[in-house]
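> For 93-116, 123-146, 166-191, 212-235, 255-280, 292-310, 339-358, the entry in TrEMBL reads transmembrane segment.
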Amino acid sequence: MDLVLFAVLSRYQQSSDALAEALNTYRATPADPGVLGMVTNWDGQWYQSIATEGYPGSLPVDADGNVQQNSWAFFPAYPMLVRSLMTVTGLPFSVAAVTISIVASTVAMCWLYTMVQQHAGPWLAGALVLGINCFPTAPVFAAAYSEGLALLVIVAALSALQKHRYGAFALMMLLLGVTRPISIAFAPVLALHALRRRRAEGRLSPRDAKHLTVALCSTVVAFGIWPGIAGLLTGRINAYLLTQEAWLGSGWNSWAVAATRDLGLGYVVAVAVALAAYFVLRPDARLWPSELRTWAASYAAFLVVTVRPVPSITRYTMLAIVFCWPLAELGLRSSRVARIVLVATVVAVGIVVQYEWLRGWWVYSETRRGFP
């Protein structure tokens with residue numbers, strides 16, 4: 001369905017050269033580029049440049065020495081996987097990228113279903129997967145974006161934590177460190193996991209304590225992997241930070257900080273935080289595996305503290321997972337007919353909202369509301 005939406009909306013896309021405003025894109029694009037052109041919009045263009053050309057040896061600067069937008073802002077795991085598939089198969093970037101995205105997200109959905117099904121049964125597992133696939137920004141799982149791979153690594157890490165496989169968890173953190181800059185959000189998840197184990201089992205064995213400590217350290221180390229690599233290879237220790245400032249401006253201006261300066265935005269943030277807390281702390285939230293629930297809370301807090309007020313927050317929120325089906329008990333005790341009606345409604349609303357999100361934020365046009 002995602003690819004169908006991209007194909008349908010392709011006819012609304014204008015040539016990027018024809019637009020009055022500058023777009024944060026790597027290259028110019030034609031009008032009505034077709035489905036394969038649509039899936040490589042926005043970040044997809046930068047991933048294509050990395051997959052085909054690699055990263056620049058130094059940071060590009062303007063005449064005044066200011067760092068310009070460049071590909072060091074994008075983490076390497078996804079484009080390198082795409083590049084590997086291109087090398088092995090000879091596929092063009094667009095096809096290889098969509099293949100990696102769809103395969104990664106499909107495996108993630110199946111893994112997530114199994115993890116939740118073992119804890120809460122098939123209905124809730126299926127409902128969560130349905131909710132994720134009907135989320136407004138879910139079409140990026142079929143685009144040249146890293147969301148599918150990131151979701152797979154997150155689910156693998158949560159599964160490893162659930163099974164007390166701390167070595168596997170640490171490896172997932174290192175992989176996440178070259179996929180998305182979010183590994184540090186796992187630190188509170190791991191800490192709460194350790195507290196729950198200690199409460200349930202009493203004193204932890206020295207072996208488990210050591211493994212948990214290593215796993216906790218991996219969340220911090222992974223967070224610095226890509227900035228460290230960028231600094232080493234460009235010769236500028238703060239290369240990643242300078243690159244981020246080229247995209248977003250300088251200063252710490254996250255949702256939390258901006259909320260202290262803008263009363264209206266402050267109310268929005270307060271309501272969002274209250275809703276997130278309600279969804280993860282209410283009694284029926286215990287239907288979720290504990291690691292999944294604490295991940296949603298920790299990741300949501302991470303977004304509020306670190307991410308700037310940009311439209312991409314909707315896409316980022318999708319990786320919190322349980323917020324895609326926030327009421328765990330919904331449909332759990334319903335009749336078969338009621339469940340069918342609920343599923344049909346969610347799918348229908350999801351398709352409409354996804355269409356509007358793509359039309360308003362993904363498609364290059366004069367009527368675009370923002371960037372995805």
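Every residue, even glycine, has its Cβ placed from backbone N, Cα and C.
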> As a test: from 93-116, 123-146, 166-191, 212-235, 292-310, pick the stretch that has the greatest number of Cβ pairs under 8 Å with the transmembrane segment (339-358).
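Between the candidates 93-116, 123-146, 166-191, 212-235, 292-310, the best contact partner of the transmembrane segment (339-358) is 123-146.
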> Which range wins on Cβ pairs under 8 Å with the transmembrane segment (292-310): 123-146, 166-191, 212-235?
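Going through each listed stretch, the top one turns out to be 166-191.
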